[in-house]
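Written out below as structure tokens is the structure these notes cover.
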Amino acid sequence: MRIGMVCPYSFDVPGGVQSHVLQLAEVLRDAGHEVSVLAPASPHVKLPDYVVSGGKAVPIPYNGSVARLRFGPATHRKVKKWIAEGDFDVLHIHEPNAPSLSMLALQAAEGPIVATFHTSTTKSLTLSVFQGILRPYHEKIIGRIAVSDLARRWQMEALGSDAVEIPNGVDVASFADAPLLDGYPREGRTVLFLGRYDEPRKGMAVLLAALPKLVARFPDVEILIVGRGDEDELREQAGDLAGHLRFLGQVDDATKASAMRSADVYCAPHLGGESFGIVLVEAMAAGTAVVASDLDAFRRVLADGDAGRLVPVDDADGMAAALIGILEDDQLRAGYVARASERVHRYDWSVVSAQIMRVYETVSGAGIKVQVSGAANRDETAGESV
């Protein structure tokens, strides 16, 4: 099968949707399918040979964060050219609401179209502006996928259409078998934080507020931080406890997996804006206990707290108590890890990709190819105005 995939977010920086798209493409290619991915990327970024750059992206407020997206007249022409030359059996558009390549592809294409909805919020001003323009194009989507019940419910409420729920995928073995980082396991306890720590919704402020109690109980505790941000500023915020922070910075997938395996606990103190919780799944696959904010998305991944400890959102004292409880009780920690290990296999790519392929096969059953829509060709000027 020839599959075209569109990712709206730039490959210049790592992100959950970008990772999902690349991993799905690799799994499908390994299964013998031909895959082409269209995504924003700067000229200096090294891309797999199956990824076509849609051009350099610009930062735009989206989903309570800042996403790097791509749009404009030249981009619209590039999207149409990619569709016309792709001869795709299926076009899989990720985040069709994002004002980027995904929105342009949905406008320009017709035929067997699948869309995956990753987010579950409409907080973006940009999205609210484009929503009225986008509504008619949603009728083109034949197969709808939501990565979580939250994303599915949002689609039903905002767009009036249902979707099949298929979660994000993880290569469970790559996390379970990852080597430890050099110098690990440490004699002291290690708590992992992963994400953009200068983005408020990731909740680093909650973990920092919990740190004094952690240090009082475990004087040699280490907060292992993986992700982007201002190290000097965070050290200043930590004050006298800055010595307990270790920064790895932005790392590749292999190092991330090793960091997961090397920690005693993965802490996810997020404040909101999450529709799934892929990093929790990765920690579960690595055999690392999870302590997370009691967000709806996290609660579903952790089976209402059976596969990991849930803490009220923005509760530093509760986070400290939960982390201390798991760090000082090996049996409790092992129980969470064992139950998480049983649960995590439902997220393995072998399971998830098979579910996605069934959607592809359903929408492409008539043998019609994806092509540039007649409306897009007739109304070039209107299309470029998007």
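A Cβ is built for glycine as well, from the same backbone N, Cα and C atoms used for every other residue.
What Swiss-Prot says about this one:
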- Y9, G16, R196, 201-202, 251-253, K256, 274-278, E282: GDP-alpha-D-mannose binding site (BINDING)
- H118: site 'Important for catalytic activity' (SITE)
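Structural mapping of features recorded in Swiss-Prot.
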residue	record	Cβ contacts under 8 Å, 6 or more apart
H118	site 'Important for catalytic activity'	G16, V17, H20, H94, E95, V147, A151, N168, S275, F276
R196	GDP-alpha-D-mannose binding site	K202, G227, R228, G229
D252	GDP-alpha-D-mannose binding site	none
K256	GDP-alpha-D-mannose binding site	L194, V226, E282
G277	GDP-alpha-D-mannose binding site	A268, A292, L295, A297, F298, R300, V301
- Item | Y9 (GDP-alpha-D-mannose binding site): tally of other CB atoms within 10 A of its CB | 27
- Message: Please give me the CB contact count at 10 A for S275 (GDP-alpha-D-mannose binding site), counting all chains in the structure.
- Response: 25
